[in-house]
């Protein structure tokens, strides 16, 4: 995070040094795109906050720990695809699952679908990529996540 | 007219904020917990997204189309895959932050295949995420996941390009 801030400021400074006019144009472009995305994003995040309250972490742990084997993997994939849990919660959560004896494949599928498939952000994705591409990308990512999880489960 | 449009766009959000304010006043616990969740996302949004868009704007004015076309365009081949993976790994933030970057890359001539490789790597293999993953799930787990992911991302890129056609372009999100 700090690195990103420093990097961005360096880029901005360099850019200003070389060409003020160009920098201003760039900032305007960025700002417009930001405003463009903001309302849809805030709406979705407020809905996700409600969902996150309705489905607390304990029930996710319970849900994922309940079944092993193919059913467990499938449940993990579905939960991961629907939930929008930021990585800094998701990884500790996955760590807890592992320590409770939940299989590697279940945890791997959960983590991978969580970060690759964004069910709740699909409306935003559609605005950029179109319906077909957004749905296709999420479905393919879901399948890929299942494969990755199963492979990890086989090796570990 | 303009205000009406803004009001319409933010309608749900205003409703949500009213609900939150009401929860605070009447000590409605679920409402307060929901607001805490929201603040958490909001923090992520206001720390990452402005930086991301700032970089995207600068990228747009400074990086010439030819250079993107040459490095990650349709003719770039394996080297293009390498560059796009490197670019995506060096980033941070939630996946929706990658959409505007994908738009700029697409407009500057990146191939369809590489755009979807970019999205995949951005979601799964960015370095800040990997360091975090190593801490909680171990180096072995992280390395294996990376190893299995890369060829699948390439495959997803190929399939997307095949389905959408080579002339597919990402739109500006309006």
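Please read every residue number as a count from 1 along the shown chain.
Every residue gets a Cβ built from N, Cα and C, even glycine.
If you look up TrEMBL, you'll see B:40-59, B:80-103, B:115-136, B:143-164 marked as transmembrane segment.
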Count the CB pairs under 8 A between the transmembrane segment (B:115-136) and each of B:40-59, B:80-103, B:143-164, then give me the winner. B:80-103
Other same-chain positions with a Cβ less than 8 Å from the transmembrane segment (B:143-164) and lying at least 6 residues past its termini are 81, 85, 111-117, 120-121, 124-125, 130, 133
